[in-house]
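Some features that TrEMBL has for this protein:
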DOMAIN    36-340  domain 'DUS-like FMN-binding'
SITE      118  site 'Interacts with tRNA'
ACT_SITE  121  active site, proton donor
SITE      204  site 'Interacts with tRNA'
SITE      207  site 'Interacts with tRNA'
SITE      328  site 'Interacts with tRNA'
REGION    355-374  region 'Disordered'
Ligand SMILES: Cc1cc2nc3c(=O)[nH]c(=O)nc-3n(C[C@H](O)[C@H](O)[C@H](O)COP(=O)(O)O)c2cc1C
C-alpha cells in the first residue's frame, strides 16, 4: 500500500506572502495564502478529498449551502466531510443574521474551520432569496450578518464578494462595502475581481464577460493594509499565484483547480514554503481510489442509502492528467469505470504508466460547457 503522509494541523506553514505576515489584530485566525473556491456541483467532499491529497495546506471551501437547507435538511449529508479535509471552510448562503448565526454554530460544532458568506452569486434563484451578489447593495445587512455570525462562533468569519453589481461598481463603492463589513468583524475578504450584472447575464457569463479588475483589488489591499484581502478570478497557474501574492494576502482558484487539479502538486512548496516532497500522481490516485471504496461498497448494500454514483465518485479524477500525453486515454479509462466500477487497480497501473512517460507543456484549459449551475 502506498503511504500518504497525514494532513498537518492548521496552520503549519510559513507564508510566502509578505502581507500575510503582518499583524492584523483583532482579525481571527491566519490567512492561508491559497484556497480552492466554493463551486456548486464541483467542490463536493470527493473533489475536496482529491485536492487534499494533492495539497496538504491549501484552504478548501464547500459548495454554497443555504441556511434553510441546513435548518430543515439532512445535515449529515449537507455538512458531512472527511477529517483529512481540514483546513475547511463552509460557505453559507443567506441574508438573515439570526439564521446565519445558528447555521454557523451548527457548522462549527461539526468542526468547520471557517464560515464564509456568499455575496458573489448572481443567479436569479439566489436573488429571489435576497442573498448572493445582490447583497452588495446592502452593506449594512451584510455587516449585521457578519456581526451575528462572529458573535456565535470562535472561528474566522469571512465574506466572498464581487467588485460591485450593476451600476454600483466604482472602486469607492467597494471600499464603502468593505469598510462597513470589516467594522462588523469580517476576518477576510475574498474579492472576485469583476462586477456582476444582476440581469441579462447567466451565472456563467458573469464569470467571464465583465472584465477582470485586478488593479482595484490590489489597491484595496494597499489602501486597507490591516485587512486580509484574497483575490479571485481568472488565475490559472502557480506563477500567476505568486505574482498576485506580491499585492494581496491570498489567492483563490476556482475553475483552474477543476480543469487541472495537478497544478496544485507544487503549491505546498511554492506557496506555503513546505519542504515535504511533492506527491506523485500514482500515490494520489491510489489513495483516492481507496477513499471511495466504502462509498462504492455502500452502494452494493441493498437496504442502505445508495450514496453517490460511481460517476460522482470518479469525476474528480477526470482532469488529473490535463495537458499530459495520455490524458484522453485516462479519461476513457475513467469513463469505463464509471459504468462498471470494478478492478479499480487498473487505474493505478495506468496512472503509473502515464506518469512514467512524463509530461508535455501545459495547455491553458477553459471552462467546460454544460455545468452552468451557479
Ligand atoms: C461550476 C461553478 C460553481 C460555482 N459555485 C460557487 C459557489 O457555490 N459559491 C461561490 O461563492 N462561488 C461559486 N462559483 C464562483 C467561483 O467560486 C469563482 O468565484 C469564479 O469561478 C471565479 O474564479 P476562477 O476564475 O478561479 O474560476 C462557482 C463557479 C463555478 C465555475
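Yeah, the Cβs are placed from backbone N, Cα and C, and that goes for glycine too.
The candidate set comprises the recorded sites 204, 207, 328. Of these, 207 has the most other Cβ atoms within 10 Å.
In the vicinity of ligand 1, defined as a Cβ distance under 6 Å, the following of the recorded sites 118, 204, 328 are placed: 118.
Rounded to a whole number, the distance between the Cα atoms of residue 121 (active site, proton donor) and residue 204 (site 'Interacts with tRNA') is 10 Å. On a Cα basis, residue 328 (site 'Interacts with tRNA') lies 33 Å away from the residue listed as 'active site, proton donor'. Neighbour count (other Cβ atoms within 10 Å of the Cβ, all protein chains): 25 for residue 121 (active site, proton donor). Here the domain 'DUS-like FMN-binding' (36-340) has a mean pLDDT of 96 out of 100.
Residue 207 (site 'Interacts with tRNA') sits 15 Å from residue 118 (site 'Interacts with tRNA'), taking the Cα positions as reference. Residue 328 (site 'Interacts with tRNA') sits 36 Å from residue 118 (site 'Interacts with tRNA'), counting Cα to Cα. For the recorded site, residue 118 (site 'Interacts with tRNA'), the DSSP three-state label reads strand. With a cut-off of 8 Å between CB atoms and residues at least 6 apart in sequence, the same chain places 38, 64, 91, 92, 93, 126, 131, 132, 160 near residue 118 (site 'Interacts with tRNA'), listed in sequence order.
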